[in-house]
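Student: Please find one structure pasted underneath; my questions will follow.
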Amino acid sequence: MEENIESVEEWVNKLDIETTKDIHVPKLLFDQVIGQDQAGEIVKKAALQRRHVILIGEPGTGKSMLAQSMVDFLPKSELEDILVFPNPEDPNKPKIKTVPAGKGKEIVRQYQIKAEREKRDRSRSIMFVIFSVVLLGIIAAIVLRSITLIFFAIMAAAFLYMAMAFNPVIRNERAMVPKLLVSHNPNDKPPFVDSTGAHSGALLGDVRHDPFQSGGLETPAHERVEAGNIHKAHKGVLFIDEINLLRPEDQQAILTALQEKKYPISGQSERSAGAMVQTEPVPCDFVLVAAGNYDAIRNMHPALRSRIRGYGYEVVVNDYMDDNDENRRKLVQFIAQEVEKDKKIPHFDKSAIIEVIKEAQKRSGRRNKLTLRLRELGGLVRVAGDIAVSQKKTVVTAADVIAAKNLAKPLEQQIADRSIEIKKIYKTFRTEGSVVGMVNGLAVVGADTGMSEYTGVVLPIVAEVTPAEHKGAGNIIATGKLGDIAKEAVLNVSAVFKKLTGKDISNMDIHIQFVGTYEGVEGDSASVSIATAVISAIENIPVDQSVAMTGSLSVRGDVLPVGGVTAKVEAAIEAGLNKVIVPELNYSDIILDADHVNKIEIIPAKTIEDVLRVALVNSPEKEKLFDRISNLINAAKIIKPQRPATPATTRAGNNAA
Ligand SMILES: Nc1ncnc2c1ncn2[C@@H]1O[C@H](COP(=O)(O)OP(=O)(O)OP(=O)(O)O)[C@@H](O)[C@H]1O
């Protein structure tokens, strides 16, 4: 249900604040998470019951914040320190001991004091022995009147010193001091450990290599043991983003750790001396929060996923929220939070708040929604803040946010801007006149890089049709980086061609070229443009070059919605085109900046006929084509009174209503 929402300007101006400084920022991290109410409730429940969680969703929407907020709800179980002790019976199997939080440091200190005392005692005994030997030598020399006896006494003392000081058995008192692997203070919160991207050693623990493995110079095995993140997260939360990128062996190890709640530490590098060492099992009783985008579920170790599902929850986080009073307030709270977190930038005045909310509307890609890709929006807040600071301003204003938007353009946008300039110079596309078989398609760049902002580009498409050499043996010859997409699009809509043109494409060779495409251009939504270019070429009807278009074509000729329409319309404006055809179902998703409004005529299309009516220039051939189409439609009506509604499939995700 779409509700009527006040304009952002009116809404912000009514707020009872001067700047975001007047906004209360909640203390609890959980209350700082915006727009993830459903995921928040589940995560809270999971924390209270110590259950594992899989969080799936777009990057920068608050997954790690949710995971981190869990530590405030974990049951107050006793935190533990973990110590590793030498094992005199088997030095390569150090012993593990857990003690209440804070005790670990005390134990280590006691052992250190003991070691210091023993060392001092030993030094004293050595000095006493040396002194006695030298004294005896001197006495003997006097009694026996032989100076050489003094020399022998000094030699004997030196020998004794060497023997006692460098005796590997008694030399290293410190070798008996345990090492603190995991330590806490008694009042600490349960730990939150982010293990995203950690290699095996950091994740599971490791035993360092020892270059001196004998001769009394070696470092005892237990001193070389290092705790892994799974151990550091004992009694707390272990967060792993992009879990699917972990090596299968590591995912398997995590599964074992989850089952056993203990995992021994051994050297991870096979060739290192550490590989010979394996500790007793080390406690690792953590709550696992695994996160990732939609691909993560598919590529995750099935047994690990099943374990988490069996003992926890799976949640999809939202990537946008409704644009209403409550959520706008949350967005203002978000700006205040980001400012306080940054500590270096000033607060935002009302004009700046208006710009940020409008940007959140635009980045959602949907009318009446606000984006939740808040990490990137936070980036905009910081750049705007930096601009204000550089101008020695005490508040951030609209001008700073607008300047930040230009300054903080994603790489894709910067590359696209350059490519438009080049295309304009070399005229790889036209903005006026008419040409047979040439269409100004629109595409997005960087959609696969996980950016929340789409960058639009004009994607000129040229089609040429020639009769096939043999009947029924026509080929689709598509060049350019998007060749495969073109072939697929033509094949998918071959029925539409037949319906509209009455000609069978299998009797023709169809050549399609995407002009000047480069890495990263997404052409999935170009099927309407491809179809228009091909029909224009088959029917020899010129296409109006001041028109741009985007849309996906169904096998029945319906124009289906696509992503990134706002960015595509902006690209058409920047390129100097007059009209842009968009899928009707996307029409309301277009949110243009003030400087783009009314710069182009936006024409919604429901079917390919709607597209052709606008794109093809008026001519007797066009009339004939439409006569044919209306005959076909009338004939179809006699057989089947109504066509079922077209399914709308804009984007994935289970966003809160
Ligand atoms: N829902 C949100 N509420 C408030 N702030 C948010 C939210 N989502 C993101 N942010 C801001 O973006 C930053 C990064 O968010 P976070 O690390 O939680 O994202 P994520 O979903 O874990 O992303 P990724 O999967 O890329 O790690 C946060 O520190 C916060 O400043």
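Glycine is treated like the rest: Cβ placed from N, Cα and C.
Feature table excerpt (Swiss-Prot):
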- 1-123: topological domain 'Cytoplasmic' (TOPO_DOM)
- GLY57, GLU58, PRO59, GLY60, THR61, GLY62, LYS63, SER64: ATP binding site (BINDING)
- 124-144: transmembrane segment (TRANSMEM)
- 146-166: transmembrane segment (TRANSMEM)
- 167-657: topological domain 'Cytoplasmic' (TOPO_DOM)
- 433-618: domain 'Lon proteolytic' (DOMAIN)
- SER525: active site (ACT_SITE)
- LYS568: active site (ACT_SITE)
Student: What does DSSP say about SER525 (active site): helix, strand or coil?
Tutor: helix
Student: For the topological domain 'Cytoplasmic' (1-123), jot down how many residues DSSP puts in helix, in strand and in coil.
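Tutor: Counting residues by DSSP class gives 57 helix, 18 strand, 48 coil.
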Student: Of GLU58, PRO59, SER525, LYS568, which recorded positions come close to ligand 1, meaning Cβ under 6 Å from one of its atoms?
Tutor: PRO59
Student: Given the recorded ATP site (GLY57, GLU58, PRO59, GLY60, THR61, GLY62, LYS63, SER64), which additional residues of the same chain have their Cβ within 8 Å of the Cβ centre, ordered by sequence?
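Tutor: Neighbours within 8 Å of the Cβ centroid, excluding GLY57, GLU58, PRO59, GLY60, THR61, GLY62, LYS63, SER64: LEU55, ALA291, VAL317, ASP319, LEU372, ARG373, ARG375.
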Student: Given GLY57 (ATP binding site) and LYS568 (active site), what distance in Å do their CA atoms have, once rounded to a whole number?
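Tutor: Given the Cα positions, GLY57 (ATP binding site) is 24 Å from LYS568 (active site).
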Student: Count the Cβ atoms, other than its own, that fall within 10 Å of the Cβ of GLY57 (ATP binding site), considering every protein chain shown.
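Tutor: Around the Cβ of GLY57 (ATP binding site), 26 other Cβ atoms lie within 10 Å.
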Student: State which of the following recorded positions has the fewest other Cβ atoms within 10 Å around its Cβ: LYS63, LYS568.
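Tutor: Least crowded of the recorded positions LYS63, LYS568, by Cβ count within 10 Å, is LYS63.
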Student: Go through PRO59, GLY60, GLY62, our binding-site residues, and report the one whose Cβ sees the most other Cβ atoms within 10 Å.
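Tutor: Max Cβ neighbours within 10 Å, all protein chains included: GLY62.
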Student: On a count of neighbouring CB atoms within 10 A, which of the binding-site residues THR61, SER64 is highest?
Tutor: THR61
